[in-house]
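S.K.: Quick paste of what TrEMBL says about this protein:
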| type | residues | note |
| --- | --- | --- |
| TRANSMEM | 40-63 | transmembrane segment |
| TRANSMEM | 75-100 | transmembrane segment |
| DOMAIN | 89-167 | domain 'Potassium channel' |
| TRANSMEM | 120-138 | transmembrane segment |
| TRANSMEM | 145-165 | transmembrane segment |
């Protein structure tokens, strides 16, 4: 079982090598894909970018969960983490679309692949639990990824954001409670 309290220490040991490697891989694969485009390469790039954003989201969550104090920085990190998670899932959706065309359908131009903006919209709407939109997963892998996004969004709000709100309430001495008994 992963102990999130140990994650910041592990991250600080060699973050530069891991981040540099991920960035270098992204640059090399993107340049190669421009010279000789292929679905497999597009899949690999989207998967690498998704891994990078999930890594960033995990790092931000570890930062927010490492102590029992909620600072202003942690509140900004909460918003940033949600955005980073949305980008991570959008890249996963792009990887799915690259390896399995027609995984996502839409009301308009259903035969065309979804654009990056459409996949990002799908990601935000599933993470937030809104579920609004004309973009739908059609294939089993796409549906599975969307379900993971929905679950991640609900768990993020339930665990991380509620913890920060609880810590802020404790710090303010339970402001807003009805103490009249």
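Each residue, glycine too, has its Cβ placed from N, Cα and C.
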S.K.: So which residues does the transmembrane segment (145-165) touch in its own chain, when a touch means Cβ under 8 Å and the partner is 6 or more beyond its ends?
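M.R.: Residues 61, 64-65, 70, 74-75, 78, 81-82, 85, 89, 92-93, 96, 122-123, 126-129, 131, 137.
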S.K.: Using a Cβ-Cβ cut-off of under 8 Å, list the residues of the same chain that are 6+ residues beyond the ends of the transmembrane segment (40-63) and lie near it.
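M.R.: Tertiary neighbours of the transmembrane segment (40-63) are 4, 7-8, 11, 18, 22-23, 25-26, 29-30, 32-33, 74, 77, 80-81, 84-85, 87-89, 91-92, 94-95, 98-99, 160.
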